[in-house]
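The structure under discussion appears below in the form of structure tokens.
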Amino acid sequence: MKNVLIIHTGGTISMKEDKDTGEVSPATEHPLYEVVPSLAEFAHIKDEVLFHIPSPHMTPKNMLQLGSRIHEQLATEDYDGIVVTHGTDTLEETAYFLDLYLQTRKPVVVTGAMRSINEIGSDGLYNLITSVRVACSEEAKDKGVLVVMNDEIHTAQNVTKTSTSNVATFQSPQYGPIGMVTKRGTFFHHTLTKHESYPIQTISTHVALLKTYAGMDQSILEAIRTTNIDGLVIEALGQGNIPPALVKPLRDIVNSGTPVVLVSRCYQGIVQDIYSYEGGGKQLKDMGVIFSNGLTGPKARIKLMISLELTRNPHDLVAIFA
Ligand SMILES: NC(=O)C[C@H](N)C(=O)O
């Protein structure tokens, strides 16, 4: 049997429902201790609680702490794979952070639950079991960080939470899942073409994320310009266009040396310098805005934060996001 370490960070998978009020909150006695023994038939399991927080409380510093803990454990113990339990609200950000940060070929799987551990139809234990099975699988090696929920295997790069409450919430709108888990085993049907890894020691920059909308005026961007940000991600419209009122303040931000990364608020496709009207992608590219290749806004923000720990050179940043 393989050796798997489970690191708990919190979320609904570590919470319990109050049967009188229906409210869900972190259980004082970590509820996963009750379920971890039933994983013994799948692998030799060790587990530890690193955080016990709802995932809206997660920060990039916590993500770095989690990543260092995984490196530390892989260096000192002979684990075949790692499973991280996490709240689903920011799970995709932590998974993508780990994907960019970790330097390991071993499977690292992030999972969570939409229903707390004592609710009828709870998906917690089931997702944990499938995640352990994926972490034990030979094919899961060298695939970067994976997100396993609801019998599907997704890449950290593409997965996103699509429903507020459905157990099938995690989807990869760009390319679909890369594999599935059934009673007979784990099956991969896609593979990644590229994997990046950035060895950072700290994560300390302030990067803002701004979503655009029809009729948006310059006030929010002007306000952002007066704060001390190290970088900005703009969730643009369509193929990468912004309302005209944003052009001047955005140019001022770029000219002041603050890197600006462009993503689309569409959930499929990539941003490109196609349109040459006021606020069109062509104008933004000429201005020095960095185009990102199909990442969501929150993930581009994580990537920019990591990149800024290593370089502020505009050419390097363009290459990192290409
Ligand atoms: N399903 C969940 O885990 C949601 C919860 N609010 C969290 O992210 O911690």
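In case you wondered, yes, glycine gets a Cβ from its N, Cα and C as well.
Just so you know, TrEMBL annotations are computer predictions that nobody has curated.
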Candidate sharing the substrate site with Thr88, Asp89 (per TrEMBL), from Ser55, Ser116, Ser122: Ser55
Residues close to substrate site centre defined by Ser55, Thr88, Asp89, Cβ within 8 Å: Gly11, Thr12, Pro54, Pro56, Met58, His86, Gly87, Thr90, Leu91, Gly112, Lys161
Around the Cβ of Asp89 (substrate binding site), the count of other Cβ atoms that are within 10 Å: 17
Cβ packing number for Thr88 (active site), 10 Å threshold: 24
Fewest-neighbour residue among recorded positions, criterion Cβ within 10 Å, set Thr12, Ser55: Ser55
Rounded Cα-Cα span from Thr88 (active site) to Ser55 (substrate binding site), Å: 7
Rounded Cα separation (Å) that holds between Thr88 (active site) and Thr12 (active site, O-isoaspartyl threonine intermediate): 8
Secondary structure at Thr88 (active site), reduced by DSSP to three states: coil
